[in-house]
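*Asks:* When I checked Swiss-Prot for this same protein, it listed these features:
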- Arg23, Glu80, Arg123, Lys450: (6S)-5-formyl-5,6,7,8-tetrahydrofolate binding site (BINDING)
- 219-372: domain 'TrmE-type G' (DOMAIN)
- 229-234, 248-254, 273-276, 353-355: GTP binding site (BINDING)
- Asn229, Thr248, Ile250, Thr253: K(+) binding site (BINDING)
- Ser233, Thr254: Mg(2+) binding site (BINDING)
Amino acid sequence: MSLYAPIAAIATAPGRGGIGVVRISGPDLAELAQRLFGRPLTPRHAHYLPFRAADGEVIDEGLAIYFRAPHSYTGEDVLELQGHGGPAVLRRILARCLQAGHDLGLRPAEPGEFTRRAFLNERLDLAQAEAVADLIDASSEAAARGAMASLSGEFSQRVNDLSDRIIHLRMLVEATLDFPEEEIDFLEKYQARPTLQALTHDLDTLIAQARQGVILREGLHVVLAGKPNVGKSSLLNALAGDDIAIVTPIAGTTRDKVVQEIHIDGVPLHIVDTAGLRDTDDAVESIGIERTWKEIERADLILHLQDVTQPPDHLDAQIVRRLPARTPVLNVFNKVDLLDAAFQGQPDSLAISARGGIGLDALRQRLLQLAGWNPGAESPWLARERHLHALQQAAQHLEIATEHAREDDRVLDLFAEELRLAHEALTGITGKFTSDDLLGEIFSSFCIGK
């Protein structure tokens, strides 16, 4: 597959719509435009034209816009045809383009190939390219703002600034190693220790902000677990603000998981209602209970719901023993509205009424706390787990470099190597040092046409 052949795809989402776009990118598309429209197109001007089949039949009418390289999304020539958003119409326009450009090497685009070309042509760095997909996938206003902040280069600029400072420090180390006859006390002359301290402080700040960005992008997988009829489905409905799950007084109503995404202060939470945990001879219910335990195993957070009107029994004890120790568990006591006296719960628990709305605001705030969300923090950009991992790797190498800095100039070669590794970790975020396998994995997750 040639990276330089022209490519074409429908750029708008599948389905019917008012407007649909066919996008083409590649070298020297002026010739293709001449073939399609019988006339040249002025760059960066919208031309209202008929889109014709090879036999002259008018397929549609719309706007044709030609962007001449390098002033385009991909950095190549780009031709966009904007017509009506019917799937059949767009397929015919795309087919006509591929037919007209066949001898020019025009082919259908792969998923994410337009953005990959933008990256390869240095129109975007890798973090910005990922932000394109995140902006498309954003499910809340906060996530969309965070993705736009990343796309504008805010995150990349912070990473590049740290990277440049590490390079400068490493350059001084290498110079000292290359000219040992000068007998320079590097660590003292160039204030390596305070420079490292400042670098470490700024990197730690960036890591904290990246954690917020990961939470905003990926959210939390929250599983509602407990015995039958403790109010799991009622709580799901209350948090969602809609009747998502069926609620009846019959034990075992929920047989399979019900997943609903909600947003609290812009943070996405994937709430999973599950089958009630109990001993049963019902084959179908048993399958649902096994699936419940699988969901519990993969949860980021478990809400263990209990009915305050019923005393704890052996089943509650069994559930507590089997809950995974590595996963945070919040004990939630439901149906407090049915009590005559005030409920005295456990220290680290919440008392609520899913149906009456009591305690739900406190529960929402506790969910954000357990997610690690800091509402008072600086408005974050979106980040991915790979970004956070790379930042943490860089921090580890700076920590080792700091240990060497406490010694003397005899370990400057080790000091320089740790700086090199820290720099390498940071450049992996923006794509200056990234394997082809990782690039393929990132861009394959994009939609076709982007």
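Placement of Cβ uses the backbone N, Cα and C atoms for every residue, glycine included.
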*Asks:* When the pLDDT values for the domain 'TrmE-type G' (219-372) are averaged, what is the result?
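*Replies:* Here the mean pLDDT over the domain 'TrmE-type G' (219-372) amounts to 87.
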*Asks:* Of Arg23, Glu80, Arg123, which is closest to Asn229 (GTP binding site) if I measure between C-alpha atoms? They're all binding-site residues.
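*Replies:* Answer for the nearest of the binding-site residues: Arg23.
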*Asks:* In three-state terms from DSSP, label Arg23 ((6S)-5-formyl-5,6,7,8-tetrahydrofolate binding site) for me.
*Replies:* strand
*Asks:* Name the secondary structure element type, per DSSP in three states, that contains Glu80 ((6S)-5-formyl-5,6,7,8-tetrahydrofolate binding site).
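*Replies:* Glu80 ((6S)-5-formyl-5,6,7,8-tetrahydrofolate binding site) sits in a strand per DSSP.
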*Asks:* Which of these binding-site residues is closest to Ala354 (GTP binding site) if you go by CA atoms: Arg23, Glu80, Arg123, Ser233?
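*Replies:* With Cα distances computed to Ala354 (GTP binding site), the winner among Arg23, Glu80, Arg123, Ser233 is Ser233.
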*Asks:* Take the C-alpha atoms of Arg23 ((6S)-5-formyl-5,6,7,8-tetrahydrofolate binding site) and Ser233 (Mg(2+) binding site) and report the distance between them in angstrom, rounded.
*Replies:* 46
*Asks:* Between Ser233 (Mg(2+) binding site) and Ala275 (GTP binding site), what is the CA-CA distance rounded to a whole number of Å?
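*Replies:* Between the Cα atoms of Ser233 (Mg(2+) binding site) and Ala275 (GTP binding site), the distance comes to 9 Å.
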*Asks:* Ranked by the number of other Cβ atoms within 10 Å of their own Cβ, which of the binding-site residues Arg23, Arg123, Lys232 ranks first?
*Replies:* Lys232
*Asks:* Provide the number of Cβ atoms within 10 Å of the Cβ of Ala354 (GTP binding site), excluding the reference atom itself.
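*Replies:* If we count other Cβ atoms within 10 Å of Ala354 (GTP binding site), we arrive at 26.
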